[in-house]
Amino acid sequence: MSESGEMREFGYILELLTKGKVTIKNIERELICPACKELFTHPLILPCQHSICHKCVKELLLTLDDSFNDVGSDNSNQSSPRLRLPSPSMDKIDRINRPGWKRNSLTPRTTIFPCPGCEHDVDLGERGINGLFRNFTLETIVERYRQAARAATAIMCDLCKPPPQESTKSCMDCSASYCNECFKIHHPWGTIKAQHEYVGPTTNFRPKILMCPEHETERINMYCELCRRPVCHLCKLGGNHANHRVTTMSSAYKTLKEKLSKDIDYLIGKESQVKSQISELNLLMKETECNGERAKEEAITHFEKLFEILEERKSSVLKAIDSSKKLRLDKFQTQMEEYQGLLENNGLVGYAQEVLKETDQSCFVQTAKQLHLRIQKATESLKSFRPAAQTSFEDYVVNTSKQTELLGELSFFSSGIDVPEINEEQSKVYNNALINWHHPEKDKADSYVLEYRKINREDEMSWNEIEVCGTSKIIQDLENSSTYAFRVRAYKGSICSPCSRELILHTPPAPVFSFLFDEKCGYNNEHLLLNLKRDRVESRAGFNLLLAAERIQVGYYTSLDYIIGDTGITKGKHFWAFRVEPYSYLVKVGVASSDKLQEWLRSPRDAVSPRYEQDSGHDSGSEDACFDSSQPFTLVTIGMKKFFIPKSPTSSNEPENRVLPMPTSIGIFLDYDKGKVSFYDMDHMKCLYERQVDCSHTLYPAFALMGSGGIQLEEPITAKYLEYQEDM
């Protein structure tokens, strides 16, 4: 806060306190010293315009001076004086308060210390503390605050015999308080003391006249507007303020008080707004509490859903295992019963042995044939034994590795991956939109999703989504003269980051018109330098201009060097953009008809003629009369980092009203059918100037240069922009 600001603040607060508009207990935090954190005691105004107690300044200087002289001691490693102020002895305080005091001849007195209020280093100069103003206004307010705090404690008369009476007045000249009787005795009528200034009971007696700290015998009677501090006439005559602009103290008092009064009245008038905002904050706190509880309930619901899914899957898996186990046991039981039958065939073997004892061949054959089939079947069963089912349940092992990993990464939506940031400087819109973004965890993101939508005032349109593997994307097929919002989010597996902050871009008012500079029609290769791509031209105003110096002295005017586009326009709406180099001295840009170009290129007029106005295409003296009529060309002037709007009857003739900062990129919109041309600031797609133009002939993009300058055509946004960003 400046000194004038501090005077205004405390002076007007004092007035408001007198009027009862502000309760004195509400200003306590303004009366606390930033060093000792207590009420100010004899506050001084530092060069940085903050106030600090007189004793605190001394303590800071002593602490820093001791640290400077005791660098090798243990005390030099203690905490900074900004954090802790040790209490120096009284003899040190007395020594440092003397002007020119030094500890010894080799150690200079410390006059630089950090302000506890703003933490900036302040230099007290050679006079030290004695060069500081005492803040009497702040001191008065502190004293009034103390009195309000001890309202029950009265100030007693200093002259009464015991017991003293309660005082009713305090004399500022005598620096004493009096009751009514003592005041009459010590200030009798007809004496000089009767003319003393008296106030209500107080213990704060300040000088009636503010004296200059640099010239102690001179009173303050002026105010330095450059340094913003009160000064005396010696400071103005031969001191540090000799060449500074000063004003009278009464004038400064009136001006500063009026300004501060308006500021305070404004703040007081906003009381209802502050109360409304406090109510809004209370509602926001309640809403936050409710939303927090709702978020907890939603989290519990999500986990309960997971539990239900797990329980359902668990029941299904266990049921499948039980069914498979039962089926396999049944198969084993059947097979076991079959083999149990083989054991029962032991009687068959004995029976076969008895059949072998039969000697009658016919009877043996009759019986042995059927017996042979039975024994053969049992033998084959023993040769090809194979279990009817498997005992392993490997097919029924639950694979939870993927789910375990996902559950381990289970977290809030916003903390799964960092939010990408759209780079506004590298993002642009022209014929297409190029959106470039930066992601702190680029290598950790698998992909990105770029969202965009057209901003429509009537209804909310849905977002379009495009999946992108890199960190940039070209958006095509955007509508002209529209506003689009873009945002991006990152994906890592199934984890999604929140959306980035939205970027708002405005598309051109018409399709982009592609052309290059024409190196044949009127191109002056002595003054202009065209690159091989024919999208950049520079004006070489050097040696040739020096050679023409003699002709300039005798009235010859240097002409503009024109260059046009290689493609003409005969219908429709078109838009193109370019950049004018900041060092350019004078550049004119716009449109011109074919017949007007022939006139320029065959017999160019004097560009600096006092009667010639290039912005309108006719004599500047008739500007007002013929402004409404369409001209066969329209050019605006750009140069010295400024954009100059041509004069018109509706605009002021003051130059500052027609001068704008030069945009980074300039766009031109030609509506051939309506005969209108407009000039745009491409950064914000804002129209800077618009007027009618005669479209009875073919119109060409026209440019003119004089002196050093350069023009670069904007290139359409293609895939090479993405390659460029990847190289970066």
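Just so it is clear, glycine is given a Cβ too, placed from its N, Cα and C backbone atoms.
According to TrEMBL, the protein has these features:
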type: DOMAIN; residues: 33-84; note: domain 'RING-type'
type: DOMAIN; residues: 207-249; note: domain 'B box-type'
type: DOMAIN; residues: 356-413; note: domain 'COS'
type: DOMAIN; residues: 419-510; note: domain 'Fibronectin type-III'
type: DOMAIN; residues: 495-720; note: domain 'B30.2/SPRY'
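Residues belonging to the domain 'Fibronectin type-III' (419-510) score a mean pLDDT of 86 in the model.
Assigned with DSSP, the residues of the domain 'B box-type' (207-249) fall into helix, strand and coil as follows: 7 helix, 11 strand, 25 coil. For the domain 'COS' (356-413), the number of residues in each DSSP class (helix H, G, I; strand E, B; coil) is 35 helix, 0 strand, 23 coil.
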